[in-house]
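Asker: Questions regarding the structure given below will be posed in turn.
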Amino acid sequence: MAAAAASALGASAPKALAPADGPIVAGLDKLVNLEGVHDLFEAMRGAYGEDPAWKGLMSCDVVYLKDITTAIGVKDTSVGIFRKFSDGCSWCPTGAECFLSMKDLAYMKAQSAKAQRLTASLATTSNLIARAMRAESELKRARDEERKVDARYKDILEHSLAARKALQKELDETRERELHLLKELGKRSSIRTKAFSFFDWLFMAVVFFLFLHYTSAECVKPDFGCLVVNSNLPVPSLTFHDVMARCYNTFGNIVLSSQIDAARLREECEQSANKFLGTHIGDPAHKVWCENRLETLIPVECDSSEFLEIFTSNLNAFMVSVSQFYKTISYYKLDALVTFAFSAALATNKLKMVMVLPLLLVALYLNVPPITVTIASVIFQPLILPFVGFQLVFPNFLPYNLFVAWVWMVCQAFFSSDGVKLLVSVSTALVQVVFLAVWSISVIVLQQLSIPMVAQILLFVATLTVSVGVKFANSTITVVHPDGNTEKVSRVTLVRQSMAKRISQIKQSLTIRGVIPSGPNRFDSIVVVEGQGGSGVGWRFMNSIFTAGHVVQGSKFVTIKSESTQVKVKVKRVIDLFECVDTLVEIPLTKEFQHIKPLRLAKKVEDSYLQLCAFKPDMVEKASYQGWCTIDSGFIFNSFNTQFGNSGAPYVDSDGRLVGMHLGSQGVISQGVVLVDTLKTQFLAQQSQIDDQLMERIIEGTKVSHAAILTELDRMRTKVEEVALVSARVNQLESQLKDLYEFSSNSIKCLSDDIEKMVCAQLFDEINLQSVMEKISALPPTEKLAKLVEVFVEQKKKGKTKRTARGGKHALGKKYLSKAHFSRMRMLTEEEYNKMVEDGFSPDEIKEVVDQLREQAWQNYLIDNDIGEDDDLDWYDDMLEDERLNEEIDRRVEAALEDRGELAYQKIRRTFVDQALIHLITLKKGNWQTTKVECQPEREEAYKEQFQKAVKQEDLTEGTSYAIYSAGDATILIENKEIDHTEIKPVTTGAKTVQEYPKDARTTVATFDDNKKDIVKTKRTTEIVLEQRKKTCRTCGETRPHNHKMCRDRHTRRFCFWCGVVHSDVEGHSRDLKCPKCSAGFANLREMEQHAVTTCSKKLDSHPEPSRVFQPLDFGLGIFDWRFDLQPIRHHVAVPMNVEVLGYIPVDRLVERRNVITDPLLKLVEPWRQETYGPAVWTIKAYNKMFEKFFYSEPLEFAQLDSSILNLADSYCLQEHDYMSGSQIVPITSTEKNLDSTPGYPKFKVFSTEREYLSTCGWDEYKTVWQVGPREKPLWWCFLKTEVLKLAKIEQDDIRMILCTDPVFTRIGAAFEQHQNSLMKLETENHHAQVGWSPFFGGIHRRATRLYGEHRYYVELDWTRFDGTIPPELFRRIKLMRFFLLDPKYKTPENRDRYNWYVENLIDKVVLLPTGEVCKIYGGNPSGQFSTTVDNNFVNVWLTVFELAYLFYKEHNRLPTICEIKKHTDWICYGDDRLLAVDKRFINSYDTAAVIAMYKDVFGMWVKPDNIKVFPSLEGVSFCGMVWTKRKGQYVGKPNVDKILSTLSDPVSRLPDIQSLWGKLVSLRLLCENESDEVVDYLDKQIESVSRHAKEAGIALPKIGPDFYAEIWID
């Protein structure tokens, strides 16, 4: 039906409804609805337009055209009707209400009221406009009157200014005459006048601007407004509001002409007038008003020449006033009174004031210069003031006065001071007397010259400044640096340096982005560092070279290059960097690179321009990068286009100081790390600590008293006496040894007969030696040394030191075999080995068999020889240690014997006479030197001359040198004389050959006729050489004797389950040994594990009793024991034919589910009527259906894709998840997992849950599998998920598959990824992944606000079978990123092998179906592993970046940058659910077909067209099953009502009790708060019904507040 109603008066029709052939017809704007009535209105207007009845109808406020002959109109409250009869038209203005329904009548009356309100508003507006026009006319008249008044005042002002100018001119002439007279007067008293004139000018220069007056006629201060001074200074112009604020007053403020822009002021004034008065722009009245206002505000302008005249005249006037004032004061001597009063006030105590006041009165009476008395009252002590008064009264007795003062002051100082302050008191007295002399002479001079008081003050200040201030400024101070160096610096230099430093700070503070400051070049501080995998940049700091850790890549040796110098150096140490995956490597600075200049640390680290000093790709020519760098959380970010090989380069600031180190680039972002705090902590803090300790020791040393020093001297004297006694005892032993050796040489034959007896008595002698050593240990330290030497020499002669007690045990006892012997024992013959290979045993299996055989052989050996496994079987190492010690003793004794005149021990000993002609021995500390000569008799005389030259006359300490000459029967022995070993040279005259052997001892052999030889041997041994000869322990590197087995055990590195890393007992645990639940501390890991399992278990609700022992795991229940249950299979049951089936394992599990669950508790509620969803049921076909996702489409290999887009996705994904950097490996016993889940096959044959398994068997299997590093495959148990699905999916047997495996495998993955997963749950507000988010408390609104953008559209996408279609290559890539984000200390080869094994078993899976079939599934992310959702989020982010780059490339023919993606897009994701916001300026249109094809062809992933939706706004989008809508200005969620309420009629599981039913209903009510009233009322009704039944049954339920459901959604 055609219907229309007129709209409000003045409204216009929408453009979409305007006729195409012309403008809108008059009267059409009164129609309520134009749909279908335009033609009707045209027809009626054409037919009745001139009729009075039609005109009456058109005078109504609202018109309703009912048909071509009838219309109804409403005016005010009357309803009239228009009709067309055969005889004409009629209009009845009232009584037509019966022709309308109540709703239509109400609607038309509302429209009429609206029109009336609009009419009233127009009338009110017209009245206001008329009143404004009248006010404007009155304002215009007032302005005219104001202009007339201003003109009159202006005339009066001009006359007044002219008169004032004339008076001012006359006043100036009078002042000039007065000034001329003053100058004449000054010439007569030149000294006084000149001094006074200088003071006047100085004073006037200071106060000129404070007392400046405007006396010029043109520049007189205005009564109202500002005074404008002509100036060309470059100052910003004032706005109209500034001029109003400054000049709209009577203060006479000054403004410069350059601040006044007349055109701008007029324009701003007119705009302000338009704003306040409400008229249109360009009103002539406003223009005139603004011109008058500006003239009023700025009435007077002055030139700079006029200001100079003002300055001169005011200065002269001020000088005259001050001069007259001073004359008055001087005439009445008021200056002296003021000075004396000031002097009296300076008295520091009553005694001094009493003594100063008489002096002041005397000085006033005698006309003494006041300044001198003031000085005397300040600098002189009270005791010398009487001499000052005497000098004032009797100035002619100065020498006598000074003499008496000198005697008095010195005597008084001597007798009144104690011994400590005597020197100070006498010095002070002498200084006082000298000051008295100088002061007396100054008073006489001032009185003779009659210098005015002002000149006296200035003269005193100038003298004090020059003598004290300048001298102090140029004085030299001594600065002692921490390294002990001293430096003398003048104070002026310090001030200059301080000013330079301040200027540098100001310069640095003015650094702004966009202006690159200049900086020094620090290329002289960098070198090239080459490691195993590449090269980088190194730089010097202090006395080391530093570079980045990834440059070295674990190399122990690196090559340093600088220009033509190349040195291979060993890495000193690796320093960990806080929150950084890289490290800092320290390399020692060699002497070849001492010329490299060190860098100094920056004083301030902030966003600024930094310089990166590096090399070009050729690593020869140096390059510099400079630009703005941002410092954030200890990292440096910039956009430098760095090259390969720039890693490790230093960042320096504008002063050339070190800020940080370059790590690398990701895309267009270069990244570095700040090193200031690290280097301060590692180096400067240690040096400061050493300096502090040194200073403490120095201070402590200064506290030693004189008595303590004397005590120390007495103790040292006692030691000297003891040393003398020891030396005498040693000399006595030497003489006894000499006699003993002679006796031994005569009885060699007897010794040969007694050898057998000595061997038999060897054990007795060793026991005797042990008792002797015990007695020696009880002796005082001073006698122990001598006794030890005696015993060792004695035993050496007897040949007993070769066997200690322990060595004897090894020699006489049975020699046992070690376990290492059995570990290398051959257990299989060649035939047995070949047979095992033919039978199909793998090399690993054969090795396992051999190891078991070797272990059994070792156990049999222990049993046969009655040896305990814990006995000390390291006898071989201990025996070697004993032999080493014995050899060391032998070497020391032989050296002592040789240096005392004997050869090394042999069967027959010879004296020097038998062996050598000359033997020189020098035994100085740290330098032992011997020279021996063997020659033929014919050259003995020549060597005798050399001997006499070698022995000098200088005396040495007793026992430090021996010189022996043995020729025939004559022997010369000279002791304790300086010996020059260089004088002994071989005599080569007549020699056929001369050969030298420069080894550890330099030997020269001269061969003569008949092969006769002369031998000269020189040997030098130092303490360093002796130290190098010591043998070290192969485990710890120490030379001291100790238990090698214990040392090896403590240094063996083993994997620690608590720390998650490999370390030894010496290194200690990296984590505190505290219980994770109660924080109790423990001494070792075993105690803590026992406590965690038995007393304070975190994983078990009911832990075992403390006395309980865990049972060993039965055979066949281990993680890899499923292979023993595998049987051959004959045919496929549920697995498709294209899937490989490995075998069959019989299991008793549900295969089909055909019946639904019936819950009796649900009879208490009314069912929700829907026919879309139901609980999942399936047949055996469902297992065949679930394999379809693995064969949807084959993905491309990543090698076929452009590496640029792959790198872009990788870089974005790493930056997105950089908060995981440095994540930790959680100990496997501390991982958190659902204990009530199935333990998988084969464990579920015995244990229903992991909780039951842990309570029975404990953690042993977890630790073993982690430690051994398995390579076998675990078995995945597959079952179908029971959930609510669409009935269409249930009919198609399209049920989701869940995979779970052995809990040991799951917790290994949890150890690597649990910490990262928990970090992702904390970052939902600022990152894409939403694991752990909540839609409540404004959660949806905050994410909607984050996604919202003015030019954005929104894409909702949901993949089909997302988990199963993830390409294996992409999944490995994601897992590699997760391993990369671990802390570097966990990235060991062992952990990498464990993680790779874990990842490969996630991809290449062996799966057991409920039908018993065991098959292989390759690819995808199993939907039951520990990190399924987190891994899916990683994949989602990576794919989204790839998708955006793909669409962007299609539109712009280039790839976007990471910054562009972050700026123009944002999204949130949860597993396979994603909501994307894209700016139209980034990607204009979202091509859904291209996206679907891209995912299928590139990745083999399934995206259905129905699962991609594009929205222009956030209203109606869905995420995680909730549709977003607005309520009270905030976004909230609406769930899928039919799906969640279907469980009230068709549940997937039974509820345990009525409380659970009530809780389920409350949860559903909470989710449906934003739904329609029908849903809310239904749930409220069910909750009330259940609550009533619970109350009748006596069950108490919680109470819920009235606003609980609504307020929980809003933030």
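Residue numbering: from 1, along the chain as shown.
Keep in mind that glycine also has a Cβ here, set from the backbone N, Cα and C atoms.
Source: prediction; values computed, not measured.
Feature list, courtesy of Swiss-Prot:
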- 124-187: coiled coil (COILED)
- 195-215: transmembrane segment (TRANSMEM)
- 329-348: transmembrane segment (TRANSMEM)
- 353-373: transmembrane segment (TRANSMEM)
- 375-395: transmembrane segment (TRANSMEM)
- 397-417: transmembrane segment (TRANSMEM)
- 426-446: transmembrane segment (TRANSMEM)
- 450-470: transmembrane segment (TRANSMEM)
- His550: active site, charge relay system (ACT_SITE)
- Asp582: active site, charge relay system (ACT_SITE)
- Ser647: active site, charge relay system (ACT_SITE)
- 1352-1486: domain 'RdRp catalytic' (DOMAIN)
Asker: From the Cα of Ser647 (active site, charge relay system) across to the Cα of Asp582 (active site, charge relay system), what is the distance in angstrom?
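Answerer: Distance (Cα to Cα, whole Å): 11 Å.
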Asker: Please list residues from the chain of Ser647 (active site, charge relay system) whose Cβ is under 8 angstroms from its Cβ, counting only those at least six apart in sequence.
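Answerer: Those within reach of Ser647 (active site, charge relay system), by Cβ under 8 Å and sequence separation of 6 or more, are Gly536, Val537, Thr547, Ala548, His550, Val551, His662, Leu663, Gly664.
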Asker: Apart from its near flanks, which chain residues at least 6 from the ends of the transmembrane segment (397-417) lie with a Cβ under 8 angstroms of it?
Answerer: 383-384, 387, 390-391, 424-426, 428-430, 432-433, 436-437, 440-441
Asker: May I ask you to report the DSSP-based helix, strand or coil state of Ser647 (active site, charge relay system)?
Answerer: coil
Asker: Can you tell me how many other Cβ atoms are located within 10 Å of the Cβ belonging to His550 (active site, charge relay system)?
Answerer: 20
Asker: Could you give the mean pLDDT over the domain 'RdRp catalytic' (1352-1486), rounded to a whole number?
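Answerer: Computed over the domain 'RdRp catalytic' (1352-1486), the mean pLDDT is 92 on the 0 to 100 scale.
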Asker: So, in DSSP terms, is Asp582 (active site, charge relay system) helix, strand, or coil?
Answerer: coil
